[in-house]
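Undergrad: Handing you this structure, nothing more for now.
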Amino acid sequence: MKFLLKRYKMVFLLFTLLLIIGGYTFYDLPQRDFPETPMNQATITTPYPGASPEDVEREVTSTIENEIHQINGIESYQSTSSRGVSNIILSLDDRENHQEIMTEVNQTINQLKSNLPDEALDANVSLSEVTTPSQSYFLTADHPDDLEQLHELKDAWTNQIEQINGVSHVEFNGLEEQEIIINFDSETIQDYQIQFADILTALEDEWNPNPLGEQTTDDGYRTLTINHINDINEIEDTRIPTGDQGSINLNELAEITVTSTQQPDLITYDGDSVINITVFLQSGEDIPSNSQLVDEEVQSLMTQLPEVINLHHYFAQDEFIANVFDDLFLSLAIAVLAVILVTTLGLTFMGSIVVAIAIPTSLILGLIPLPLLGTDLNQISVIGAIIALGILVDDSIVLNDNIERRYRLGDQALSGTVKGIKEVRNSIITSTLAIVFTFSPLIFLSGANGAFIRALPSVLISTLIASTIVALILVPAIRYFHYQKSSKKIKANPGILGKWLSKGARFYANRIIRKLIRVPKRTVAIGLLMTTSLFLLILWTPFEFFPSADREEVTIDVTLPNGLTKADTLTTLQSIEEDLLNDQEDEIKDISLFTSGSAPALFGQPQSNTGEHTGRMYVRINQDETNAGSFIDQWENQLRDDYEEAEIFLETIQQGPPTGAPLTVTVSGEELSNMLDIRDEVIELLDDAGTELVVDNVGDLTPNLTYEPNREEMENYNVTVQTISEQINLRTTGIPFAQINSGLDQYNVQLYLDRLEEYESLNLEEIVIPVDSQEGPPVASLDEFVDVEENEVIPRIHHEDGERTVTIRAYADQTDEIEDTITPYIEDFNDTHNQYALTVGAETDNQDTFFAEITVIFSVVVLLVYLLIAFQFNSLTMPFLILISVYLAIAGAILGLFVTQTPISFLAITGMVSLTGIVVRNSLVLVDFIEQSIKSNSTINEAIVKSSEARFRPIVLTTITSIIALTPVAISGDVLFQPLAITIISGIAFSTVLTLLLVPVLYMLFKRA
């Protein structure tokens, strides 16, 4: 140490360079609201146009599932087979290489192509990536039809914005992809004696001729091409051969139109029809800087808009993040100033200056390793810095105070500094390691909860290691540099409250401790009994795993009965909007409506199980008049009563990983009809048990028409089911044919024959098909071969790991009693049914996983701290004495949460674990001083009294600074971080008081034993 102290200038230079690196790291760290939560999912989406859910399940979903379940790295898979599409979600093992898994999945899908129906389109396999909505805009027009002009700009704008570095993708909601519809008229075709198969051949021959290859010449080779129709403006001139050896233009046989591939989603903003544009950023990008680039690009593109269309900036993530960080950095700045002011209470002016230098230095140096730890700047990491602030100052105060004590005893600058370091060095290093051991296991929390909280221990560990380095190297160097230049003596009672602290230390040691160590057993019994009784307060303390954010946005999800259209859904959403505005117009800023799955995931979870019968509303409230919680409490039950046919959920942004229903019952089996009967029984049972709302993931059956073939008649005329299916398909969904160019764009071509208009019914008598007939005409109407039956079918079929399931979700404030009520029924059902099973669970199971992991982590933390202390004191019993402060701290934390009625939350429990490393410092240093005094030939009683007096000032100062550092967060009203701050403040305060009283007494008992 002498080597470094004598070269203090080099020490100052080294720390200056480190500060520059830390400052650059701060500038370069990406900023976001909360840490990104990895999804560990992939999707396989396979369109099968026109197919029923059961056909999709049998011919597509099950075929794919039978193969992918063998791939290593896939933990589980869930699928939904609905009308015309199969969607499979793969849950991937986060310990495996996801790219290798996706390569194997793609290879498997490619090998399966021959086993899938010819009519099924290519499967889209994608790895779910974490993206962040950056900006969202509404394009408005006086007349909704004017918005159709945006089709011309959509692709150009998308390409332009997606070229910005960091942009993942752009969503144009309310505009669908366009395709070319060629709708043939059957009567015209018959008049010209044209077979439909001949039309397909003619189009194929003209649009997709075989390539001509190359021709070798003396000077090289030439590519050979033939001009053919390949542009949208030319296709109407395609010649189709007729039955009289002539030909006719395509546009004389069919109507050719460019239209949307499906009915566009209907979106309104404040009652006006709009198109929504939302820009998403890639994982790990800096939101403020990238959002600014996006907004600048969009503003420049506005010049291309037609005059009748206006752009409204609806959502900006960077503005919200700027407000959040302004508040957090203000809390951090207040905490820094408060801590510095507090140190002046018990330290000399120079001591306070040293602490003032050590605090920002430690914070900045702690940033350097964050990029290597995968941590960026977010609310969790900044809160970690604020918590670290209250701890890191301890090292500097303890060391600074002890160096000043050596100076007061008459030591010279160099020897006093070296001795001051030596006396507390082991305690500082041990207590720092204890904190590192405390927080490091939190880094290994699994799942979304682990990803969410990981930034906090990362920042704490890096900052505290930096503070220890600063305390052991920079602080002594500054004190040595100053003291050797100054002739002033160190005051006996430094600081504004120096005299009072000294008097307090003497009163505490000589009046209180001397008396307590005379009756150690009674003192310890009373203290521990009182502490233990505080744990009963858990019963009267509220619980909330992750609180809702105090935001202005409220999301309303509406699910109507299956079979309704987007127009029906919009009508219901508009009716709800009218109800809200008529009753609380002053409390609402604006309302936007989205049908189907068109709502961008701006303020919560993405929509699931979407369809034409689903919709979402974003309501932004006036927080001067109300808050999100009150708005939800007022309207959720009222809307459910007013719209009984709809499933309605109101929620606001939840600060943490998403959760779902608190109680689920899963029906698994084979026969769908029986599973639905079982579902109905369970729903009735849950309703009777007192649930507020019960829903399932299938819903009502949807109307269906079944065409029953007349096999005898079909055999007489040599007609197949495929022939009938093709004729109906040509009029309903059409058949995909080819792609045609339009400049740089390509359009899919869909062929129809007498296409059905909206709300038009299929008339089988008007559909004729060719038949083998010896006596009558060569054609017959379709009604001769099929009978029509009206029935109902299941709208979607769900699988979990290849097994058919129906999931029932129950919502209630207290689900434990409901679960107890239905458990006997479920157990009896499972005992008496072999082919079907009922399973009780919850979509909040991640909470149970968290509590299980946190219990293990807490046990590991206590064990690590125990071993650390055991090594320092070379004793297996001494760690129990020091760890008693952890028990005291947790009791104090519960007391604080109870008194303030602050919920026990994810971060509150994390705070309790954190206290393990924070509070052992005081008892560790106190016991270490007692041990050193005994080694200096003091009696046990005198060593306890002397050490208690010596350590009173630094213990009180470090406790006050820790409390002051977190006070701005505790009184800020932040629903997420307030429980964490209150937990640590109350835990430290309570533990410090009882540590000062009980640890010296317990030491006496240990020595006597």
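Note that the numbers count up from 1, one per residue, in the order the chain is shown.
From the backbone N, Cα and C atoms, a Cβ is placed for every residue, glycine too.
Model, not experiment: these values are computed from the prediction.
Annotation comment: TrEMBL describes 328-347, 354-374, 380-399, 428-453, 459-481, 524-543, 850-871, 878-898, 904-930, 951-971, 977-1006 as transmembrane segment.
How about a rundown of where these features are and what they're close to?
TA: Sequence-remote contacts of a segment are chain residues at least 6 beyond its ends whose Cβ falls under 8 Å from one of its Cβ atoms, and for the transmembrane segment (354-374) they are 15, 18-19, 21-23, 25-26, 28-29, 336, 339-340, 343, 347, 381, 385, 388-389, 392-393, 396-397, 400, 454, 458-459, 462-467, 469-471, 474-475, 478-479.
Taking Cβ pairs closer than 8 Å, the transmembrane segment (380-399) reaches residues 34-35, 325, 328-329, 331-332, 335-336, 339, 343, 347, 354-355, 358-359, 362-363, 366, 370, 420-421, 424, 427-428, 431-432, 435, 452-453, 455-460, 463-464, 466-468, 470-472, 475-476, 914, 918, 921, 925, 954, 957-958, 961-966, 968-969, 977, 980, 984, 988 in its own chain, all 6 or more past its ends.
Residues 887-888, 891-892, 894-895, 897-898, 901-905, 994, 997-998, 1001-1002, 1005 of the same chain sit 6 or more residues outside the transmembrane segment (524-543) yet have a Cβ under 8 Å from a Cβ within it.
For the transmembrane segment (850-871), same-chain residues at least 6 beyond its ends with a Cβ under 8 Å from one of its own Cβ atoms are 430, 433-434, 437-438, 441-442, 444-446, 449, 545, 878-880, 882-883, 886, 906, 909-910, 913, 916-917, 920, 924.
Same-chain neighbours of the transmembrane segment (878-898): 531-532, 534-535, 537-538, 540-541, 862, 865-867, 869-870, 904, 908, 911-912, 915-916, 918-920, 922-924, 927, 979, 982-991, 994-995, 998-999, 1002-1003, 1006, counting only residues six or more beyond its ends whose CB sits under 8 Å from a CB of the stretch.
Remote same-chain partners of the transmembrane segment (904-930), defined as residues 6 or more beyond its termini with a Cβ less than 8 Å from a stretch Cβ, comprise 387, 391, 394, 398, 424, 426-427, 430-431, 434-439, 442, 449, 452-453, 456, 460, 538, 541-547, 656, 850-851, 854, 857-858, 861-862, 865, 869, 872-873, 878, 881-886, 888-890, 893, 897, 943-944, 947-948, 950-951, 954-955, 958-959, 962, 976-977, 979-984, 987-988, 991-992, 995-996, 999-1000, 1003.
Long-range neighbours of the transmembrane segment (951-971) within the same chain, counting only residues 6 or more positions beyond its ends whose Cβ lies under 8 Å from a Cβ of the stretch, are 330-331, 334-335, 338-339, 342-343, 345-347, 383, 386-387, 389-391, 393-394, 397-398, 401-402, 501-502, 504-505, 508-509, 918, 921-922, 925-926, 929, 977-978, 980-982, 984-985, 988-989, 992, 995-996.
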